[in-house]
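Annotated features in TrEMBL:
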REGION    1-54  region 'Disordered'
COMPBIAS  28-54  compositional bias 'Low complexity'
REPEAT    228-262  repeat 'PPR'
REPEAT    263-298  repeat 'PPR'
REPEAT    299-333  repeat 'PPR'
REPEAT    334-368  repeat 'PPR'
REPEAT    439-473  repeat 'PPR'
REPEAT    509-543  repeat 'PPR'
REPEAT    544-578  repeat 'PPR'
REPEAT    579-613  repeat 'PPR'
REPEAT    649-683  repeat 'PPR'
REPEAT    684-718  repeat 'PPR'
REPEAT    719-753  repeat 'PPR'
REPEAT    789-823  repeat 'PPR'
Amino acid sequence: MEGTLYPNRPILPVQSTKATPLPPTQRLKLNSTTTSPLPPLKQQQQQQQQQTPSSFPLDSLLQHLLHVSPPRSIKSSRIGNTHLPSLPISLENQENDDTLLENMRVTVPKLESFDDDGSLDFLPLKCKLMIDSILEYPLCNLSGFFDSVKFELLEVDLMSLLKGLDVLGKWDRAILLFEWVVLNINVENDKLDSQVIEFMVKVLGRESQHLVTSKLFDVIPFEDYSLDVRAWTTVLHAYSRIGKYDKAIALFEYVKEKGLDATLVTYNVMLDVYGKKGRSWNNILVLLDEMRSNGLEFDEFTCSTVISACGREGLLEEAKEFFDGLKRKGYVPGTVTYNSLLQVFGKAGIYSEALSVLKEMEENNCPPDSVTYNELVAAYVRAGFLEEGAALIGTMSQKGVMPNAITYTTVIDAYGKAGKEDKALSLFKQMKQAGCVPNVCTYNAILGMLGKKSRVEEMMDMISDMKLNGCAPNRITWNTMLAMCGNKGMQKYVNHVFHEMKSCGFEPDRDTFNTLIRAYGRCDSDFNAAKMYDEMIQAGFTPCVTTYNALLNALARRGDWRAAESVFSDMKSKGFKPNETTYSLMLHCYSKGGNVRGVERIAKEIYDGHIFPSWMLLRTLILVNFKCRSLMGMERAFQELQKKGYRPDLVIFNSMISMFARNKLYDRAHEMLHLIRENGLQPDLVTYNSLMDMYARAGECWKAEEILNRLQKSGGKPDLVSYNTVIKAFCRQGRMEEAVRIFSSMTEKGIRPCIVTYNTFIAGFSARGMFSEVNELISYMIQHECRPNELTYKTIVDGYCKAKRYQDAMDFVLNIREKDTTFDEESLQRFTSRVRGYVEP
């Protein structure tokens with residue numbers, strides 16, 4: 001069956017030999033006798049508006065999101081003009097938090113209680129009464145309460161109050177009290193001493209309140225206090241977690257100046273800081289030398305952090321060299337270290353290297369865990385092998401390693417990015433049936449996927465499902481909502497979502513600013529994108545590769561390759577190493593701006609091995625060469641994709657078919673069609689439309705209609721492009737009666753013709769000298785609220801002139817304004833000159 005569906009050489013249906021052109025005297029009209037009534041224009045406009053920003057039901061979506069978000073906004077204390085603008089206490093589920101300190105074998109000590117039963121009976125009466133009062137007030141009103149009892153608080157032992165609240169499990173109130181003291185009590189009265197700060201740092205670290213910690217220590221002059229190295233390490237970790245890397249580095253230098261001996265944990269935190277900050281490989285090497293000179297032995301976290309830093313920077317050779325150097329010195333890698341190396345190759349999409357790492361693990365009797373398989377899944381999907389990645393879920397179960405939420409989320413996200421939303425949702429259902437509880441990352445991936453397709457009803461259902469599973473939205477959920485609104489014409493929605501996000505207590509972090517830069521860029525608001533960049537710097541966040549990519553994304557949409565080159569140069573001058581996304585965006589920018597040489601320059605670097613030829617980059621090269629109409633460039637990129645063992649997706653195949661069709665390489669187009677099925681894919685609407693266009697260009701109008709019929713029989717729904725293509729095929733062959741038949745079929749399906757449809761008929765009628773039909777069609781267009789454009793009139797004028805009916809051409813031009821009152825004088829003069837140009841060459 002598959003072999004006969006699309007034969008290499010099309011056999012035309014029998015009726016193609018019997019159909020004859022219309023006699024010159026026969027009249028053919030697009031009216032109620034030959035076509036079905038057109039779908040109402042207002043109805044079509046309403047259908048179009050359902051996809052436009054003006055009718056996007058964001059308010060309903062936000063109401064669902066706010067309904068499942070716990071109240072979080074807590075206003076800070078103020079004194080004079082000094083205030084801390086918003087310190088939200090994070091009450092969200094910390095399941096997916098990067099528990100860095102715990103992984104580094106640092107356990108935050110359980111804070112001692114005052115009594116074995118946790119009671120506070122021995123506290124002075126004033127202290128107990130104050131705690132009782134604090135417990136009576138809701139969190140949002142505590143700041144005002146503290147202001148009202150300021151003098152009473154000065155008389156109560158602060159340490160006892162804080163410990164008492166913590167023993168009762170009211171650590172959030174203890175943090176708010178500490179914040180109020182920091183902002184409102186003069187430090188000279190010794191109310192705020194090192195012991196109090198050290199105690200609260202432990203509380204903040206234990207509860208993963210990284211944003212609160214960092215903002216408080218932006219206010220507390222840490223050089224005035226003597227904390228132990230463990231407390232400072234907790235603060236360093238907080239700065240690392242929220243992306244304030246420069247502050248972490250400055251604090252680390254201060255700790256060393258104070259003569260405190262940095263522990264292995266401290267160094268591991270700083271390795272993580274430099275790894276996340278980027279462009280810091282030399283700094284990482286310096287830290288490693290310091291650790292050796294201080295007699296500190298590397299642990300698995302040290303090794304995995306360094307390798308992960310290489311992965312973020314795309315330093316594949318450095319990662320392998322570091323790993324091999326460890327083994328030469330007798331270090332026996334564990335599962336965590338191997339997993340980090342797997343992640344490096346997984347991010348680059350080099351699944352062959354990832355498989356070799358797995359083989360080495362097995363040879364060294366190092367058992368793979370769920371993280372190992374998760375990285376393998378990521379490597380497969382990054383190389384375009386979605387189904388192989390999904391199949392690993394079954395392999396894990398067979399080997400006794402249960403797939404977790406990360407495993408499923410990786411494949412769900414890959415399906416979503418590939419446009420296979422239904423497969424993603426099916427896997428989500430399978431995930432829940434298998435007893436694996438989705439986490440917030442799973443929901444974020446699905447919300448982002450549905451948001452791209454504006455499937456708002458399903459998004460609201462998914463948010464409701466989050467509530468049923470007790471999964472509260474996090475900052476990434478809100479970032480996902482911001483990204484969803486990053487489309488042209490939706491700038492006001494970006495502002496609205498950002499406002500609601502902050503009202504829920506989620507202060508923007510570096511990822512939020514990057515998302516905002518990208519979103520405003522997609523809204524064509526370069527001013528706001530630049531403004532977000534400035535605000536990010538002012539907030540103390542260090543730009544990273546993602547930040548520069550967000551700026552490049554905005555420029556790529558406009559094709560401003562000169563500005564993009566400036567950003568690219570600035571990025572490299574500051575020590576950032578461009579990644580595959582960076583080069584992909586530069587390629588898109590060059591193609592959009594028509595700079596073919598820019599595309600060729602990057603392509604040469606990829607083929608020469610200076611830039612790693614990842615699946616994403618080779619795919620991008622195919623697509624940008626398609627936009628530049630470079631057949632040679634497309635073929636070279638496609639060959640490289642196959643040579644590297646990557647799997648093409650349907651977008652690549654459709655682009656290749658379309659390019660071969662344009663260049664009349666029909667056999668090559670059929671090869672692509674067979675490859676689609678060989679790769680386990682199914683042709684979609686774009687595939688069918690490309691095939692119709694191919695046959696239309698070849699003059700095989702009946703074959704084009706056959707493809708249209710096959711599309712319908714397969715359950716697909718032809719769109720306006722499908723019908724226009726087949727109409728064009730018949731019109732080019734002068735078979736106007738058949739073209740009208742297709743037109744009638746189209747309107748019966750509720751698809752309203754557009755200006756392209758009418759201009760195709762105009763060209764067909766004009767080429768056959770059927771000018772009576774042309775004039776009637778012009779009236780028909782105006783009657784059905786589709787005003788002829790300049791191409792319409794140009795086609796008619798050229799048709800008259802090619803038939804050497806110059807006077808008729810001039811009469812037509814002079815009479816245009818009788819039918820079309822919108823026709824302007826300037827256009828009239830231009831067409832008059834065009835007719836004269838034919839007469840007087």
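Quick reminder: no glycine exception, Cβ is built from N, Cα and C everywhere.
What TrEMBL says about a protein is an automatic prediction, not a curated fact.
Listed by sequence, the residues of this chain that lie at least six past the ends of the repeat 'PPR' (789-823) yet keep a Cβ under 8 A from its Cβ atoms are 755, 758-759, 762-763, 765-767, 769, 771, 774-775, 778-779, 781-782, 831-832, 834-835, 838-839.
If you look at the repeat 'PPR' (299-333), the same-chain residues 6 or more away from its ends with a CB under 8 A from one of its CBs are 103-105, 264, 267-268, 271-272, 274-276, 278-281, 284, 288, 291, 339-341, 343-345, 347-348, 350, 364, 366, 545, 577, 579-580, 612. Mean per-residue pLDDT, taken over the repeat 'PPR' (579-613), amounts to 93. Taking H, G and I as helix, E and B as strand and the rest as coil, DSSP gives the repeat 'PPR' (579-613) the counts 25 helix, 0 strand, 10 coil. The stretch with the most CB contacts under 8 Å to the repeat 'PPR' (228-262), chosen from 334-368, 509-543, 544-578, is 509-543. Long-range contacts of the repeat 'PPR' (334-368) within the same chain, counting only residues at least 6 positions beyond its ends with a Cβ under 8 Å from a Cβ of the stretch, are 300-301, 303-305, 307-308, 310-311, 314, 316, 319-320, 323, 326, 375-376, 378-380, 382-385, 399, 401, 580, 612, 614-616, 645-646.
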